[in-house]
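As recorded in TrEMBL:
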- Leu21, Arg22, Gly63, Lys66, Thr67, Ser68, Glu129, Asp130, Phe131, Arg172, Tyr182, Arg219: ATP binding site (BINDING)
- Thr67: Mg(2+) binding site (BINDING)
- Arg311, Arg316: DNA binding site (BINDING)
- 52-185: domain 'AAA+ ATPase' (DOMAIN)
- 183-253: region 'Small ATPAse domain (RuvB-S)' (REGION)
- 256-337: region 'Head domain (RuvB-H)' (REGION)
Amino acid sequence: MTEDELSPYAAPAERDLETSLRPSDLSEFVGQHRVREQLELVLHGAMRRGNAPDHVLLSGPPGLGKTSLAMIIAKELNSQIRITSGPALERAGDLAAMLSNLVEGDVLFIDEIHRMARPAEEMLYLAMEDFRVDVVVGKGPGATSIPLDIAPFTLVGATTRSGALTGPLRDRFGFTAHMEFYSAEDLDRIVKRSAKILGVDLHDDGAIEIAGRSRGTPRIANRLLRRVRDFAEVRADGRVTEEVAKQALEVYDVDHLGLDRLDRAVLNALVRSFHGGPVGVSTLAVAVGEEPTTVEEVCEPYLVRAGMLARTPRGRVATPAAWHHLGLEPPAGDQLW
Ligand SMILES: Nc1ncnc2c1ncn2[C@@H]1O[C@H](COP(=O)(O)OP(=O)(O)OP(=O)(O)O)[C@@H](O)[C@H]1O
Ligand SMILES: [Mg+2]
């Protein structure tokens with residue numbers, strides 16, 4: 001399995017496939033019950049009053065459905081969605097152009113909003129609050145700023161690192177949806193729905209097997225489904241049963257808890273090289289040859305959720321479950337976690 005296939009990030013070639021599997025309205029959007037209920041109230045409340053809803057921030061690890069939800073928000077509002085991303089808004093002018101083209105009620109979706117350049121971010125404050133931008137004309141002492149009204153819109157921002165957002169930006173969102181990892185039952189429904197769309201002969205026990213190893217992440221569930229389908233077609237009769245799914249996932253190096261090579265490398269380093277911690281995340285990242293942000297955004301959220309890793313003020317610590325998972329006995333004595 002390649003690096004890309006293990007990752008919760010979407011590979012470029014995967015984007016078209018994802019579009020076909022994307023839930024198109026709230027009723028098709030599985031799980032995230034709390035977020036869905038909250039969002040429904042925010043959207044429908046505003047619609048009743050006939051105004052644009054509060055700006056919405058979607059926060060959570062990659063592959064949990066932030067982009068899907070942004071599209072659904074626009075659809076629920078019967079609005080057009082304009083899509084851009086933090087890295088694309090390098091200059092304030094890029095954002096000004098985008099904002100001044102908005103039509104009343106539009107949804108402006110800014111993906112990876114934590115990666116927006118500072119000048120653009122400052123322009124966005126005013127736009128979010130007063131539906132206004134100050135366009136600077138000219139340079140040096142002669143420069144003047146011309147206020148421009150923009151149409152009332154709803155900003156939907158998505159971020160995998162809400163902690164990296166500046167306070168003023170975070171404060172301007174009326175509602176923040178914290179996306180959570182999905183339960184095995186939800187993932188089971190998601191892979192069954194995807195199998196139907198893709199025409200895969202997925203049996204109940206096969207679905208359970210895939211769902212249980214998907215790290216709580218729909219993108220990974222859908223990807224494992226495609227890999228298992230390949231295996232089923234090449235090495236079996238095309239039917240995805242429990243046995244076929246198990247054999248396939250073994251080939252792809254996904255263990256029964258859904259930990260992949262990188263997760264296990266992190267646990268191994270933590271336990272074997274640092275005696276279970278505490279150790280800083282950057283040291284840990286160097287030990288596994290990864291970027292600290294990858295370890296922090298991709299591995300840790302799931303390892304914490306699986307009860308194997310704890311974040312303490314002094315650094316990352318392996319829990320007894322991590323030692324057991326690697327087939328080792330945790331050291332006796334002080335409990336660090
Ligand atoms: N609640 C859901 N129900 C059904 N399918 C889902 C759900 N959430 C996500 N998916 C599936 O997972 C895929 C990835 O979702 P999406 O692109 O929305 O994630 P994301 O949070 O935007 O990820 P990233 O942080 O990488 O941008 C989608 O193509 C969709 O098929
Ligand atoms: Mg996305």
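Residue numbering: from 1, along the chain as shown.
Cβ from N, Cα, C; glycine included.
These numbers come from a predicted model, not from an experiment.
Residues Thr67, taken from the binding-site residues Leu21, Thr67, Phe131, Arg316, are distinguished by a CB atom under 6 angstroms from ligand 2. Taking Cβ-Cβ distances under 8 Å and a sequence separation of 6 or more, the neighbours of Glu129 (ATP binding site) in its chain are Arg172.
Taking CA atoms as the reference points, Leu21 (ATP binding site) and Arg316 (DNA binding site) are 36 Å apart.
The maximal spread of the ATP binding site, taken as the longest Cα to Cα distance among Leu21, Arg22, Gly63, Lys66, Thr67, Ser68, Glu129, Asp130, Phe131, Arg172, Tyr182, Arg219, is 37 Å.
A straight line from the CA of Arg316 (DNA binding site) to the CA of Gly63 (ATP binding site) spans 24 Å. Each of the binding-site residues Phe131, Tyr182 was scored by the number of other CB atoms within 10 Å of its CB, and the largest score is that of Tyr182. You'll find the Cα of Phe131 (ATP binding site) roughly 40 Å from the Cα of Arg311 (DNA binding site). Classification of Tyr182 (ATP binding site) by DSSP places it in coil, neither helical nor stranded. Contact annotation for binding-site residues (Leu21, Gly63, Thr67, Glu129, Phe131, Tyr182) versus ligand 1: Leu21, Gly63, Thr67, each with CB under 6 Å from a ligand atom.
Listed in sequence order, Glu300, Val304, Val317 are the same-chain residues at least 6 apart in sequence whose CB falls under 8 Å from the CB of Arg311 (DNA binding site). In the predicted model, residues of the domain 'AAA+ ATPase' (52-185) average a pLDDT of 94. Annotation for Thr67 (ATP binding site): spatial neighbours Arg22, Phe109, Asp111, Ala158, criterion Cβ-Cβ under 8 Å with sequence separation of six or more.
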